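Listed features, source TrEMBL:
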| type | residues | note |
| --- | --- | --- |
| ACT_SITE | Lys12 | active site |
| DOMAIN | 72-149 | domain 'GHMP kinase N-terminal' |
| BINDING | Pro99, Val100, Ala101, Gly102, Gly103, Met104, Ala105, Gly106, Gly107, Ser108, Ala109 | ATP binding site |
| ACT_SITE | Asp141 | active site |
| DOMAIN | 207-281 | domain 'GHMP kinase C-terminal' |
Amino acid sequence: MLASVTVRAPAKVNLALGVGPLREDGFHGLATVFHAVGLYDDLVATPLPTGSGIQLHVAGEGASEVPLDGTNLAWRAVEALVPYGGSHDVSLAIRKGIPVAGGMAGGSADAAAALVAVDALFGLGLGRETLMDVGAELGSDVPFSIHGGTAVGRDRGTELTTAMVRGTFHWVFVLAEEGLSTPAVYRETDRLRAGQPVPEPEVPAELMSALRAGDPVALGKALRNDLQTGAVSLRPLLAQVLSIGEEYGALGGVVSGSGPTCAFLARDDEHALDLAVAFTASGVCRTVRRAVGPVAGAKVVDQRAAG
Ligand SMILES: C[C@](O)(CO)[C@H](O)COP(=O)(O)OP(=O)(O)OC[C@H]1O[C@@H](n2ccc(N)nc2=O)[C@H](O)[C@@H]1O
Ligand SMILES: Nc1ncnc2c1ncn2[C@@H]1O[C@H](COP(=O)(O)OP(=O)(O)OP(=O)(O)O)[C@@H](O)[C@H]1O
């Protein structure tokens, strides 16, 4: 057994998020394109003496809003691996760099990080496919947080196919004062669509070809999110954020997942910096972050041998 394992897990943005009708199991069928971006949560896992149980520490941005009990997704990830040879006796120290309740899969990143860390710490040798299957039971975004890169997600967002992408894209993320609840945004989307036919969602072909070509201008035009209208309905300020992005010359802008973070695509690093400065000056947001994508999924970045 190792003395400690450190795992870094990325945030995501949905470049396209097609949402089908509400299913009987309470979920919606999705056709989405996940894209992992370079905002990270870091998790350090350390084994504890037998009988200690799970100990959880959370630091960093928004840490006070993160639960420290058995509802925390990282805690649940540790429990999920006990039947596979893991242990309840683990300390997890999480440093959050992903906005909490921001639509960027922060909790899912922590679950993914905990799965990868416990697998390495106890030498379970489960492999990423098994970890993704276990992760799907914890949350719909968890398999992608392990997968990373850019991938098409179907079913609940859990059936992943790697997408072909050329080059790197430069993003600006505009963070809100307060988070939005994912189930509330899905509910609002259903409410606004009530009485209208909802087709089975599809991944836009023009978005996939923009990714293959590494063409940011075409990608900017192809960004889509069926949850955006619902998120804007719950948080009208987001309409202003999106129109400021357009005014300042972003190649495209979209609400990230269930929001309220908004993602804007820039031509290059310099353009991203200009956009970030303009958003900061506009006063419509809490803070602004720049990041590139795609980046790798949850991975071990440090491990210490015992003794
Ligand atoms: C908005 C996205 O981030 C886009 O990737 C995800 O669909 C949400 O993924 P998540 O936060 O991991 O969500 P889960 O914890 O699996 O589900 C939370 C709630 O979101 C709604 N939900 C989630 C996924 C999905 N395909 N359909 C849904 O309707 C359901 O009300 C569910 O009870
Ligand atoms: N490890 C965790 N980190 C952050 N939030 C967590 C964690 N575990 C559970 N939660 C709970 O989950 C809620 C959603 O947080 P999270 O940061 O995952 O939202 P999100 O990024 O909008 O999720 P998604 O994009 O997957 O819909 C929080 O309000 C918090 O109560």
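The backbone N, Cα and C atoms fix where each Cβ goes, and this holds for glycine too.
On a predicted model such as this, the values are computed, not experimentally measured, just so you know.
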Taking only the recorded positions Lys12, Pro99, Ala101, Gly103, Ala105, Ala109, which have a CB closer than 6 angstroms to any atom that belongs to ligand 2? Ala101, Gly103, Ala105
List the residues of the same chain that sit at least 6 positions away from Lys12 (active site) in sequence and have their Cβ under 8 Å from its Cβ, in sequence order, or write 'none'. Phe34, His35, Ala36, Val37, Met104, Ala105, Ser108, Asp141, Phe144, Ser145, Gly257
Considering only the recorded positions Lys12, Pro99, Ala101, Gly107, Asp141, which possess a Cβ situated under 6 angstroms from at least one atom of ligand 1? Asp141
Taking 8 Å from the centroid of the Cβ atoms of Pro99, Val100, Ala101, Gly102, Gly103, Met104, Ala105, Gly106, Gly107, Ser108, Ala109 as the cut-off, which other residues in that chain fall inside it around the ATP site? Ala11, Ile98
Counting only other Cβ atoms and using a 10 Å cut-off, which of the binding-site residues Ala101, Ala105, Ala109 scores lowest? Ala101
Three-class DSSP secondary structure - Ala109 (ATP binding site): helix
Set of same-chain residues at least 6 away whose C-beta sits under 8 angstroms from Gly103 (ATP binding site): Leu180, Thr182, Ala231, Val255, Ser256, Gly257, Ser258, Gly259, Pro260, Thr261
DSSP-derived class (H/G/I helix, E/B strand, else coil) of Asp141 (active site): coil
Reduce the DSSP letter at Lys12 (active site) to three states and note it down. strand
Which of Gly107, Asp141, all recorded positions, has a Cβ with the fewest other Cβ atoms inside 10 Å: Gly107
To what whole number does the mean pLDDT across the domain 'GHMP kinase N-terminal' (72-149) round? 97
Sort the residues of the domain 'GHMP kinase C-terminal' (207-281) into helix, strand and coil with DSSP and give the three counts. 45 helix, 11 strand, 19 coil
Please state whether DSSP places Ala101 (ATP binding site) in a helix, a strand or coil. coil
